[in-house]
Every structure is written in C-alpha cells, then in structure tokens.
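The structure appears right after this line, and notes come after that.
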Amino acid sequence: ATPSPPTLYGLCSCEQPNTDGSLAYGCLAMDYIPQITSVSWKKDNEPITTGLKTYPSVLNKKGTYTQSSQLTITESEVGSSKIYCEVRRGESVWIKEIPDCKGDKVHPTVILTQSSSEEITSRRFATVLCSIIDFHPESITVSWLKDGQHMESGFVTSPTCGVNGTFSATSRLTVPAREWFTNKVYTCQVSHQGVTQSRNITGSQVPCSCNDPVIKLLPPSIEQVLLEATVTLTCVVSNAPYGVNVSWTQEQKSLKSEIAVQPGEDADSVISTVNISTQAWLSGAEFYCVVNHQDLPTPLRASIHKEEVKDLREPSVSILLSPAEDVSAQRFLSLTCLVRGFFPREIFVKWTVNDKSVNPGNYKNTEVMAENDNSSYFIYSLLSIAAEEWASGASYSCVVGHEAIPLKIINRTVNKSSDSSDHIWIEDNEEESAIDNASTFIILFFLSIFYRAAVTLVKVK
C-alpha cells in the first residue's frame with residue numbers, strides 16, 4: 001500500500017470547564033498508513049507530560065489507521081497559551097493547533113451594596129458586598145481600597161462558582177461603624193483578563209452614637225452568699241458591638257461561664273454570668289470580666305471582689321401588729337418587721353407562715369436607709385395577711401439574713417397567742433441599751449400611725 005500522511009483534527013470538549021476548572025482537549029489522526037510513531041502535546045513550545053491519555057490505533061475497513069489522544073489540563077494552566085498536538089512517523093512531523101476550549105472572554109458585571117444605617121448602628125459594623133457576576137474564563141483578582149490605599153485585611157473573597165458557562169464570585173468587606181461614619185471612600189477593584197473595573201462606595205456622614213462598651217459588675221445577692229454553696233457574679237456590657245465576646249478570669253485562670261452571653265434589657269447590651277464557690281467570694285479574691293471585639297484595640301477589663309468589713313454590727317429585729325381595733329374590724333391586717341442597727345448595708349428580709357415561704361407579692365420591703373449617725377442602717381417590711389388566717393393561729397416569721405449574725409439568720413415568730421397587749425414584740429441584742437429599746441418603740445409607734453393607709457395600699461396592689 002502507498003504510504004499516506006495523517007489528517008489531524010483538533011478537538012475541544014463542548015462542555016464548559018468542570019467544577020475543578022479542568023478542560024479536555026483531543027487530537028484525532030485519521031486515514032494514515034503505515035502506523036505513526038508517537039503523539040505528543042505542547043503548550044506553546046513547552047512539552048506537556050501530565051494529563052495525557054493516548055489510545056491504541058485502529059485499522060479501518062479501507063486499510064488505513066485512526067488514533068486519538070486526550071489532554072486534560074486546568075484552565076489556569078492554559079492561561080493565554082496555545083495548545084498543540086504533534087504526530088511523528090519516522091522523520092516526518094505533523095503539528096495541529098487545538099481550538100481554544102476556554103470559549104470567548106466575558107468580563108464581569110461588578111455591583112456594590114451595603115447594609116442599612118440602622119443595621120450598622122445596631123451591629124456596630126458595616127458590611128459592603130462586592131458582587132462579581134457572569135464572567136469567563138474563571139480567573140479573577142479582587143482587591144479593596146480605602147481612600148485610594150490598598151487594604152490588607154477586613155475582607156473575604158469567596159471561591160468562584162460556575163453556572164451555565166460563566167462564573168460568579170463575591171467579596172465581603174467589614175468596616176467598624178465608628179470608621180464607616182467618617183465619610184471615607186471604599187473601592188472594590190476587579191481584574192479579569194487584563195481589564196480592571198472599580199466600583200466606589202462612600203461611608204455615611206450621619207453621626208454614630210457608637211460609644212465604647214461600658215462594663216458594670218454586679219455582686220451576688222446577700223441571700224445567696226449566706227445560704228448557698230455557690231454564688232453568681234453578673235457582668236452587664238452596655239454599648240456592646242455585635243459579636244462581642246465576654247469571658248471571666250480569676251487572676252490568670254479562665255473561668256467557664258455557666259450562662260452564655262445573652263441579650264440584656266437594651267438592644268445593645270449583653271449579660272454574662274459565672275458561678276463561683278461562696279468560699280472563693282468570701283476570701284476576697286479578685287474576679288475579672290473581660291470584653292473583647294475586633295473593633296477594640298485592646299480588651300476591656302473590670303474587676304470585682306468582696307470588700308473586707310471590719311466594723312460588723314448585728315441587726316435587731318422588732319415586729320408590730322396592726323392596732324387592736326383593726327384586727328377585730330378589718331378583713332386584712334398587717335405585720336411590720338423593723339430591722340435596725342446593722343452594718344454593712346447588705347441584708348435580706350423575707351417572711352414565712354408556718355415555716356413556708358410567703359409569696360413576695362404579699363409583703364413590701366423598703367429601701368435600706370442610713371440611721372442618724374450614718375454608722376448603721378435600718379429597713380422595715382410590711383406583710384398583709386387575712387384576718388381569718390391570723391385568727392386560725394398561724395405563725396408568721398420575719399426572717400433576716402446578715403453577715404454579722406453568728407448563725408447568719410434571725411427568725412422572729414409571732415402568732416395570735418403571742419403575749420403582747422400593745423401588739424409590739426421586740427427582740428434585741430444583749431448589747432442593746434435602754435435607749436435603743438426606746439428608739440425602736442418610738443419608730444414603731446410612728447409607723448403604726450400610717451398602718452391603715454399602708455394596709456390599704458398593699459390590698460390595692
């Protein structure tokens with residue numbers, strides 16, 4: 001048979017690039033005789049040695065041969081280079097340029113959007129989204145500028161996503177609210193196949209009430225300290241930016257918050273609590289609430305500890321019943337518990353009936369007030385009860401807790417059978433003088449003047 005050269009065809013997959021960005025090129029040699037020696041590939045003038053698959057030659061019915069070879073290569077590897085298929089037989093060489101599998105160039109549409117002023121103020125940061133839509137080929141470069149200067153951080157660009165033969169991507173810029181409201185210009189710059197597009201957006205000129213976070217630490221309740229093995233410390237952070245992190249430490253040791261960060265009463269506040277042992281609190285150890293956020297140059301810290309009290313004063317407890325005519329004539333009567341002469345001011349007062357806790361809605365405690373010499377404090381509590389309950393012989397106790405009390409708790413109990421013709425019961429410390437007893441009696445006497453009005457208020461409530 002007479003030798004004949006191969007006819008070469010360059011092939012390109014009609015499918016768009018795979019999700020990994022790879023392309024498939026084909027080289028088909030037909031109608032040649034005798035068989036060819038080799039099929040190879042080049043990118044410009046550089047040999048390609050990977051991604052190749054050459055199939056065995058096939059003898060056709062008319063006595064000639066056909067052979068094919070496939071090249072798989074990524075779009076980024078091809079770039080702007082040209083791909084060639086080279087066929088050899090002895091000293092003869094045939095070369096075929098393969099069509100561009102990347103398709104036509106399509107430059108992207110670039111759109112900038114921003115979060116609303118209300119969202120920026122509440123979250124304490126602005127979000128600018130640069131949407132890069134419908135481009136081909138896949139390779140792009142995205143950068144951000146602030147007032148014309150390149151930014152090195154504060155933005156994240158997503159991987160490209162291919163749909164229907166084109167690609168899309170997004171780049172998200174985050175700007176602290178304090179900086180956003182200074183009228184700076186931010187630019188999203190997109191480069192694609194030698195063409196650069198820029199889109200600008202200007203921060204708002206509206207002033208922002210973006211004050212620094214403020215930390216307020218709350219100690220445990222005195223009732224917790226006196227009655228429980230663990231106590232709760234509370235950290236309230238106002239003016240808190242969105243995504244703020246609150247943690248606790250004791251000296252250099254991190255503490256685990258028992259309750260995660262949660263919204264406070266205000267939209268821009270968060271609350272974090274931690275449980276510690278009562279013994280640790282009473283020891284005077286220092287506990288820190290640490291507030292951290294990307295907008296803060298350094299974390300904010302505030303500390304709390306139990307202050308040492310040297311001049312402890314134990315309270316005296318006195319109880320007054322409504323006047324006798326009220327007991328007989330009214331459906332409701334009142335008991336008043338006066339607690340005085342104590343220091344420091346932290347104290348709790350509550351009531352029980354027959355050793356069961358009374359609903360706090362049935363009694364009213366006043367604020368703790370300083371006595372005349374300002375060296376001690378007093379408080380009183382007014383309990384409203386039904387006359388028939390009192391007549392049944394129920395026992396009512398005023399329960400007082402204070403750190404100066406040896407057993408931490410004082411119970412003062414009265415009932416219908418208590419022996420007191422003037423309806424006043426007084427329990428005093430042994431150190432109390434006759435003058436103290438007299439002052440207590442006088443205070444209770446004046447309180448009794450207002451009992452009818454006080455009981456009425458409690459009933460209305």
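Every residue gets a Cβ built from N, Cα and C, even glycine.
Taken straight from Swiss-Prot:
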type: REGION; residues: 1-99; note: region 'CH1'
type: REGION; residues: 100-205; note: region 'CH2'
type: CARBOHYD; residues: N164; note: N-linked glycosylation site
type: CARBOHYD; residues: N200; note: N-linked glycosylation site
type: REGION; residues: 206-308; note: region 'CH3'
type: CARBOHYD; residues: N245; note: N-linked glycosylation site
type: CARBOHYD; residues: N275; note: N-linked glycosylation site
type: REGION; residues: 309-418; note: region 'CH4'
type: CARBOHYD; residues: N374; note: N-linked glycosylation site
type: CARBOHYD; residues: N411; note: N-linked glycosylation site
type: CARBOHYD; residues: N415; note: N-linked glycosylation site
type: CARBOHYD; residues: N437; note: N-linked glycosylation site
type: TRANSMEM; residues: 438-458; note: transmembrane segment
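Shown here: features listed in Swiss-Prot, placed on the structure.
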residue	record	CB count, 10 Å
N200	N-linked glycosylation site	12
N245	N-linked glycosylation site	13
N275	N-linked glycosylation site	17
N374	N-linked glycosylation site	7
N411	N-linked glycosylation site	13
N415	N-linked glycosylation site	14
Distance from N200 (N-linked glycosylation site) back to N411 (N-linked glycosylation site), taken between C-alpha atoms, in Å: 73
Cα-nearest neighbour of N245 (N-linked glycosylation site) within the listed glycosylation sites, N200, N275, N374, N415: N275
Helix, strand and coil residues within the region 'CH4' (309-418) as assigned by DSSP: 14 helix, 54 strand, 42 coil
For N200 (N-linked glycosylation site): DSSP state (helix, strand, coil): strand
Residues of the region 'CH3' (206-308) by DSSP state, where helix covers H, G and I: 11 helix, 47 strand, 45 coil
For the region 'CH2' (100-205), the mean pLDDT of the predicted model: 87
Tally of DSSP helical, extended and coil residues in the region 'CH1' (1-99): 4 helix, 56 strand, 39 coil
Cα-to-Cα gap, N200 (N-linked glycosylation site) vs N275 (N-linked glycosylation site), nearest whole Å: 50
Distance [Cα-Cα, Å, rounded] between N415 (N-linked glycosylation site) and N275 (N-linked glycosylation site): 39
Alpha-carbon spacing, N374 (N-linked glycosylation site) to N275 (N-linked glycosylation site), which is rounded to whole Å: 33
Residue counts (helix, strand, coil, in that order) that DSSP gives for the region 'CH2' (100-205): 11 helix, 60 strand, 35 coil
